[in-house]
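Chemist: So that we are looking at the same thing, I have put the structure below in structure tokens.
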């Protein structure tokens with residue numbers, strides 16, 4: 001996640017950067033997909049969820065054991081996700097246990113349609129540090145994107161219910177060619193509803209998102225969206241407004257913002273910003289982020305579903321994460337063994353090579369270039385790198401064997 005607002009504040013009120021610990025000492029933010037079941041049918045769903053039960057998901061006892069292990073492992077944050085996490089049969093019990101174990105940060109990632117007047121007080125009482133609700137446009141655009149008529153109104157009611165109870169709530173918007181025109185209205189909605197955070201997510205080629213990868217935004221449209229997002233975020237910072245703006249799944253955003261700063265601030269301020277961005281390091285799959293899927297399989301992040309590090313049904317997450325898996329070790333290497341224009345990029349220390357899954361899905365090689373980088377070769381210090389760019393081709397099945405070890 002690229003915390004745009006946070007880095008804007010570094011330009012106005014600088015503080016020393018804090019570098020990451022040694023890779024073997026880093027504890028990951030864990031995104032736990034509690035269930036694959038979901039009452040919506042989103043076009044970009046990386047878990048290919050549906051409104052039905054799925055076999056093999058963790059039992060209640062297994063899930064409770066996972067919580068205890070994660071607590072003992074001292075992870076910095078736990079995000080309960082899905083599917084729709086509130087669809088899981090024991091969601092409330094798991095959430096209560098997570099709060100009892102006193103995780104440093106506990107978040108809920110939900111479609112918002114199941115939050116209502118009948119349960120929001122209970123949700124607020126659990127003390128979630130943050131509730132993220134997905135909306136992919138206004139009204140019918142969101143409902144088309146999410147596959148169920150009325151989903152927008154239900155999710156917005158969930159946002160309002162959370163705000164009424166004092167719960168910190170944010171909106172997550174996945175941008176595509178089909179809904180990019182709604183970005184201004186989504187930002188207006190955040191302002192009008194007093195939403196605490198806006199998360200712009202770029203499309204990742206996983207699950208249904210891979211099948212619909214042809215709907216990914218063209219580079220020119222992505223740039224226009226980022227121009228708008230930066231302008232609105234900067235306006236909020238200058239006015240002292242509380243809205244936090246972040247982006248995800250395209251770490252080229254950090255490079256784009258750095259270049260924005262270069263045209264507006266003194267060299268010393270830009271150098272300070274770059275030091276902070278390099279301390280952050282960009283893509284954190286397998287290092288600062290880890291994933292447990294509904295069946296208990298552990299992955300480098302939520303989009304690496306084809307690559308399993310182990311199962312919490314057989315070994316604790318803590319043991320799997322501190323094991324000697326070769327892909328995990330390579331993901332933690334800096335610089336990563338990147339190829340193509342990513343390998344030639346002068347900003348590897350800022351973006352970390354971006355989202356490796358897009359490269360994997362298109363080429364079968366997780367270290368190939370990420371086609372979603374929207375900066376030109378000259379902008380990334382790689383003249384000529386645009387002559388033979390990796391193209392986003394229509395989905396015709398996987399270009400790699402999911403059992404392949406990617407070595």
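Each residue, glycine too, has its Cβ placed from N, Cα and C.
Just lifted these from Swiss-Prot, have a look:
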- 24-236: domain 'Radical SAM core' (DOMAIN)
- 38, 42, 45: [4Fe-4S] cluster 1 binding site (BINDING)
- 342, 345, 351, 373: [4Fe-4S] cluster 2 binding site (BINDING)
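I'd like these features described in context: how deep, what's nearby, how far apart.
Modeler: When pLDDT values are averaged over the domain 'Radical SAM core' (24-236), the model yields 98.
Long-range Cβ contacts of residue 42 ([4Fe-4S] cluster 1 binding site) within its own chain (separation 6+, distance under 8 Å): 49, 111, 134, 136, 145, 146, 147, 208. DSSP assigns residue 42 ([4Fe-4S] cluster 1 binding site) to coil in the three-state reduction, outside any helix or strand.
The C-beta environment of residue 351 ([4Fe-4S] cluster 2 binding site), restricted to residues of the same chain at least 6 apart in sequence and closer than 8 Å, consists of 251, 252, 254, 255, 282, 283, 345.
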Chemist: Per DSSP, to which secondary structure element type does residue 351 ([4Fe-4S] cluster 2 binding site) belong, with helix, strand and coil as the options?
Modeler: helix
Chemist: Among the binding-site residues 38, 45, 345, which residue has the fewest other Cβ atoms within 10 Å of its own Cβ?
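Modeler: With the binding-site residues 38, 45, 345, fewest surrounding Cβ atoms within 10 Å: 45.
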Chemist: Suppose the [4Fe-4S] cluster 1 site is 38, 42, 45. Which further residues of the same chain have a Cβ inside 8 angstroms of that site's Cβ centroid?
Modeler: 40, 41, 44, 47, 48, 49, 50, 83, 84, 111, 146, 147, 208
Chemist: For residue 373 ([4Fe-4S] cluster 2 binding site), just count the other CB atoms lying within 10 A of its CB, please.
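Modeler: Looking across every protein chain shown, the total is 29.
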Chemist: CB neighbours of residue 342 ([4Fe-4S] cluster 2 binding site) within 10 A?
Modeler: 28
Chemist: Give me the CA-CA distance between residue 373 ([4Fe-4S] cluster 2 binding site) and residue 45 ([4Fe-4S] cluster 1 binding site), in Å, as a whole number.
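Modeler: Rounded to a whole number, the Cα-Cα distance is 21 Å.
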Chemist: Other than 342, 345, 351, 373 themselves, what residues in this chain have Cβ atoms within 8 Å of the centroid of the [4Fe-4S] cluster 2 site's Cβ atoms?
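Modeler: Near the [4Fe-4S] cluster 2 site, the remaining chain residues are 251, 252, 255, 338, 341, 347, 348, 353, 354, 369, 370, 375, 380.
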